[in-house]
Structures are given as structure tokens and as C-alpha cells.
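Peer 1: Before I ask anything, here is the structure I am working with.
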Amino acid sequence: MRPNLLAAAIAVPLSLLAAQIAQAGEGMWVPQQLPEIAGPLKKAGLKLSPQQISDLTGDPMGAVVALGGCTASFVSPNGLVVTNHHCAYGAIQLNSTAENNLIKNGFNAPTTADEVSAGPNARVFVLDEITDVTKDAKAAIAAAGDDALARTKALEAFEKKLIADCEAEAGFRCRLYSFSGGNTYRLFKNLEIKDVRLAYAPPGSVGKFGGDIDNWMWPRHTGDFAFYRAYVGKDGKPAAFSKDNVPYQPKHWLKFADQPLGAGDFVMVAGYPGSTNRYALAAEFDNTAQWTYPTIARHYKNQIAMVEAAGKQNADIQVKYAATMAGWNNTSKNYDGQLEGFKRIDAAGQKLREEAAVLGWLKGQGAKGQPALDAHAKLLDLLEQSKATRDRDLTLALFNNTAMLGSATQLYRLSIEREKPNAERESGYQERDLPAIEGGLKQLERRYVAAMDRQLQEYWLNEYIKLPADQRVAAVDAWLGGNDAAAVKRALDRLAGTKLGSTEERLKWFAADRKAFEASNDPAIQYAVAVMPTLLKLEQERKTRAGENLAARPVYLQALADYKKSQGEFVYPDANLSLRITFGNVMGYAPKDGMEYTPFTTLEGVVAKETGQDPFDSPKALLDAVAAKRYGGLEDKRIGSVPVNYLSDLDITGGNSGSPVLDAHGKLVGLAFDGNWESVSSNWVFDPKMTRMIAVDGRYLRWIMQEVYPAPQLLKEMNVGK
């Protein structure tokens, strides 16, 4: 999920880092900063040189890859990639049927010939180069003058040209990242591997043990890991899926640690964290806490209940909506945890006090501080503008995101954009984007059931007719033809006649021109044609606000950074899906008075949670192996068993899932897959006492592959077999 560049995560300029007081735990450091914080890294226990881990194409960093929403790493010279089970969940679900349910049973390819495609849109991105383009980006924006919409379009044009030049070399995918709300811009160039195959996934009763009950919780006992393999053409260059392709040979791959990890040991994570908001305005925080999180969580829970009920009657729904449900569950529980955490640490009060101090400092500077004060006022005004239509915007977006309407609106928009020169098309509809659009159309039926889609459409139409008059959309009202349950039923009955449920039909429209859409009698396409002018108008309004933000946000954030520097504080960029490193130590925590959590869980803890019912229904092979104390030489004598999961004080967020956890020597000791319940609010206000990362221990991964769901071929490939 790609965040809008123009609303990229708020951060502070890296040049203002006060490295001398940086410490382990808090901080998502860009690799270029690592030599500056060499002291804290060494103090925490790093044995490698900071210069070595800041070499992004060397060992070990060159082994870390992005999946587009998750992180992974190469673990063999033959293109084997390890990530989280939940990151591979979509691929597992895509290859599952009610009769052959890989989600439940697992997948273990005996040979590379038996590996299956992870889907047409599965990707492995291997970082090749990072270039600072701040000067050119700012010049392009400045040339647009005072017109807000022109500023947005100027940045878009700059980005498109920059990316087109970067991607002139075949096989690469490039992306422009904004830091500090527009104070810094960097271009990332990645090798784009397009043939990704599922090699191994443990049964769901291992990979998702504890399910949504244990999600975000400690103690934890989840084997959250899976393996892909990256393939390329025989010439070694990226190519679409083909039986003739061969495994990719990375320059670097991670080796499993040969020293046992213990409490207090140094660990670090390299990955692609999605978004944090630690430098957001207090009012922006308040809007999120009071409306955004509660509202989205409520809608997701309602939809979860709908799909669960339907799934009990239809196994096809249960399988096809598994990945969607996992996402809804994860997000809604995360938001609940953040809201609880906000209250526990008085996040609202902290944000208000911090902002009051900054504003007071600026006022004390007289004329020098006025531009930042004006920028702050402008940001508040922009927030109020967005709040005025937030219910409409959310409802319309999620209604249009249901399967058939999502396909119809995307396809019609594509036909409109195709009338323009490629450089002038909206991002997401350029020639570079067509394979992803086509891939999504091809795999939609594996995640769609008509009866379920109708229920979801009905849910959002019922939400729409509840909107106040000033938030209604004339085009939708005209299409709906009423404001009651009868009108909703008529609309649903019309939409049921769409033919877009067929892959063949969707691909036909993928190649159609605009006139064909506007002459169509398909009800989903007719809806898209009816509402598109309004959608385009609303998009222009958002871009105008984004242009205002481009002028105000960097000014205020620069002032915020200056204030922090004056107070002797260190600063680091908010997460924005770019490569980051976080470091710290293995340690437990005390969630409540009189309660102390140790940092490791064990095999015996898995058995203690066993109920025989989902989600605590371990495979018989696991229970038998634990009962026989068949540890396979992987036990840690300090805890008397094989460690399953462990805690550390590292700073991660969504997007870090699947990130390799490295020890002091750069060896693999596990995979990041979650945070504890008390940590989720740290996306906004970091709490060092409570924030902990949860990782699956590398020894548990190996134990499962050795004793429970054997994959000797992969263990041998990773040079860790018996």
C-alpha cells in the first residue's frame, strides 16, 4: 500500500540529528545516519562496524528486500527468501481452495519445480541505489509559484520525469520518497523481481497459532514465517512468471547465527516501516484518536461479523476472504490498542504540552518565528477542511473499493487516462502500472464471491444514506434514485447484473476505450461513468489541499526540529516505507505493577495454550515432539527448551513485518512480526518502558522445519540441516 507522496509521513531533517544522545530502542534510522550514531550502536553491543551496515548493497544489508508492504531477506544463494507467514498469507490464500486449503494444511514444495506462483502482482524489490534529489524537487515546486494546485502538479510532474528516467534501464522500479513533509526527497532505485513463488509455509496452526486472540499480545507462541523464491529469466534479468525462469542469485544472503541469542543481547532490524506520526500536530492526533481510529475500527468489525457469518454457510467465502479478514482484524485490533495506549500514557496531554512549548518558543523569537506560526495556523485550517467531509470521503472510498465497483471505477479511469500522453497520466495509470492493474484483475476471482460482495455493497450504501445532506454526493444520489432501503435494494439488484465477475470480461474492459465504457449497459460500469466526474473533482480538491500542505508543513517541521535541537534532543525521520534500521537489546518488560514479563517463550508454552480448537490447535507432530522433548539440538540450556518468540526494545511498525532480526555479528536470529499491546500507541508517542518488538526465534523456525513439518531440502540449502 503506497502512501501518497504529498502526504508522506512527517519527519524532521536528518542534518539536525544530535547523535551524541541517540540511544538504543527509540528511532527508525535511515542507513546514512549509522556512522553518526556509531557510539550508541557500539554501546548497545554491535560488533560490526557501523560503516559496514550502512553499505546498503554489501553484507548483510544487501540481503534485505522489500515485498511492497512487508520486508524479507535472502537466505540462500539460490534466491530463497524468508518472511512472515502473514506476509505470505495472500499468496497462500491465492493457491488455496476449499478442497485443498493451504492456509490450514501448509505448503511444502519438495523441489523447486513444485513451487507455485505467489500471484501476478507478487514482487521482490532489491535495493540498488539511493539518490538525494532534494534540491531539484524544491526547485520544481518553487517554480510553480503561489498556486497550491500548481505546486502539487509540479511535484507530480517532477516525480514522473525522475522515475521515467530512472526506469529507462529495464528491470528496475523507482520511487521518490518525501521526508520531513517535503524538506528532503530521495529517489530509491530497486531491481524488480516479478516471478515470485511460494516455497514453504507451515500449517496455519503454526504460522497463525493464537490467531486474532493473541495478535499484539505477549506471551506469544506463533511460528510466523514462510519462504518464497525469487525467479528471473535465463539471462539473469527480471521477467514475468515462466516455467523457463531460473532462481535469482543474490549477491548477498543472510546466514543463521551460530551463537545462541539470550537476554540482554544486541539485536537490530533492517526493514521498510510504513508510517509513524510522532511529529504530527496535537489537533491531528486528536482527530485520529477521536474519529479516524474509532470509526474505521467500527466499520471493520461490522464487516468481519458479516463475513464470518457468511463463511459459516459457505466455505468458499471463508477461503476467498481469509486474507481480507486478516487485514481487517489486524487493523481494528491495532486501533483499539492504540486508543487504549493513548489513555494510559495521556498521549493527548503530551502532544498538547509539547506543541505549546514549540509555539511559545517561536513566539519568543518575534518576527523570525512568525513564518512557522503562520504555517502552523495553515495546517490547522487544512485539517478543519478535511474534517468537514470526512464521513463522506470515507464512505465513498470504501463503497467504491468493493470488488465489482472497484474494478469498474479503476477500468473506466484507465480508459480516461489512456487518452493522455503517458507522462501526463495520473500516477497509478501510466504504462509502468499496467502490469499491476492487469494482475489484480486476473486474481480478483480468487478473493471474491458475488453474494458476499453484494452484502458489502449493501453495508456501505446503508452508511451512505445516513450521511447529512451537506455531505451527500449529487451523482450518487441520482444513481441511487432514493434515500431508503427500497432504493438500496433496487441499486443492489441492478449491480447484481454486472458481468465483471468474470476474469475474461474484466480483461476485455482492460483493453477498451472510453467511448465503449460510456456506451455500456453493464450496471457496475454505468455507476463508474455516472460518478467519475465527481470523483475527479474531489481529487482536484484534495490535490489543492496537498499543495497548501507542501508550502506549510516543511516550514513548521523545520521550526520543530530547530526547537528540539535547542533543547538538546535528537530527531529522526518518521517512517514512510523507506529502508530503516532500528537497534537495541533483548529484554522483557513490566506491563503492570507486580507483573514482569520475561523475554522468551518456549515450546512448552505452546502446549500450555493448546485447546484442540482453532486458533490454539497445534499439529499432532508438534505436540508429540514436545512431549518427547525432541528438541533436535536447538534447545537453549539457559531456558531448558527451544525458544519460540522473544521480545526486544526495538522500534518498529507496520511494514517491518518479515524484517530480519540480526545479532551483533550481522547473523540471522529471527523475524520481526509484531509488537506488544502496550507498544502500538508508539506510532504517535513513543513509550520506551512499554514498547517491545515481538520476533519469531530462528531456532523455532528451524525446529518446525526439522521436527514438525519437515523441509530438509530447505534446511540443507540454508546450510542449517542436521
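Don't overthink the numbers, they just go from 1 along the chain as shown.
Keep in mind that glycine also has a Cβ here, set from the backbone N, Cα and C atoms.
Residues annotated as signal peptide in Swiss-Prot: 1-24. Annotation comment: Swiss-Prot describes Cys70-Cys87, Cys166-Cys174 as disulfide bond. Annotated active site, charge relay system per Swiss-Prot: His86, Asp224, Ser657, in sequence order, evidence recorded as a curator's inference. Residues annotated as substrate binding site in Swiss-Prot, with experimental evidence given as evidence: Asn215, Trp216, Asn330, Gly655, Asn656, Ser657, Phe673, Asp674.
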Peer 1: Cys87 (disulfide bond): which of the recorded positions Cys166, Cys174, Trp216, Asp224, Phe673 have a C-alpha within 10 angstroms of it?
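Peer 2: Those close enough are Asp224, Phe673.
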Peer 1: Among Asn215, Trp216, Asn330, Gly655, Asn656, Ser657, Phe673, Asp674, listed as contacts of substrate, what is the widest Cα spread in Å, to the nearest whole number?
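Peer 2: Answer in Å: the longest Cα-Cα distance is 16.
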Peer 1: Please work out the number of neighbouring Cβ atoms within 10 Å of the Cβ of Cys70 (disulfide bond), leaving out its own Cβ.
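Peer 2: A 10 Å sphere around the Cβ of Cys70 (disulfide bond) contains 24 other Cβ atoms.
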Peer 1: Please tell me which one of the recorded positions listed here (Cys70, His86, Cys166, Cys174, Asp224) sits closest to Ser657 (substrate binding site), measuring Cα to Cα?
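Peer 2: For Ser657 (substrate binding site), the closest Cα among Cys70, His86, Cys166, Cys174, Asp224 is found at Cys70.
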Peer 1: Could you check what DSSP calls Cys166 (disulfide bond) once collapsed to helix, strand or coil?
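Peer 2: Once the DSSP labels are grouped into three classes, Cys166 (disulfide bond) ends up as helix.
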Peer 1: Take the C-alpha atoms of Cys70 (disulfide bond) and His86 (active site, charge relay system) and report the distance between them in angstrom, rounded.
Peer 2: 9
Peer 1: Quick one: among the binding-site residues Trp216, Phe673, which has the most Cβ atoms sitting within 10 Å of its own Cβ?
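Peer 2: Result of the Cβ crowding comparison: Phe673.
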Peer 1: Sort the recorded positions His86, Cys166, Cys174, Asp224 by C-alpha distance from Gly655 (substrate binding site) and give me just the closest.
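Peer 2: Looking at Cα distances from Gly655 (substrate binding site), the smallest one goes to His86.
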Peer 1: Would you count the other C-beta atoms found within 10 angstroms of the C-beta of Asn215 (substrate binding site) for me?
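Peer 2: There are 20 of them.
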Peer 1: His86 (active site, charge relay system) to Asn215 (substrate binding site): how many Å between their Cα atoms?
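Peer 2: Asn215 (substrate binding site) has its Cα 11 Å from the Cα of His86 (active site, charge relay system).
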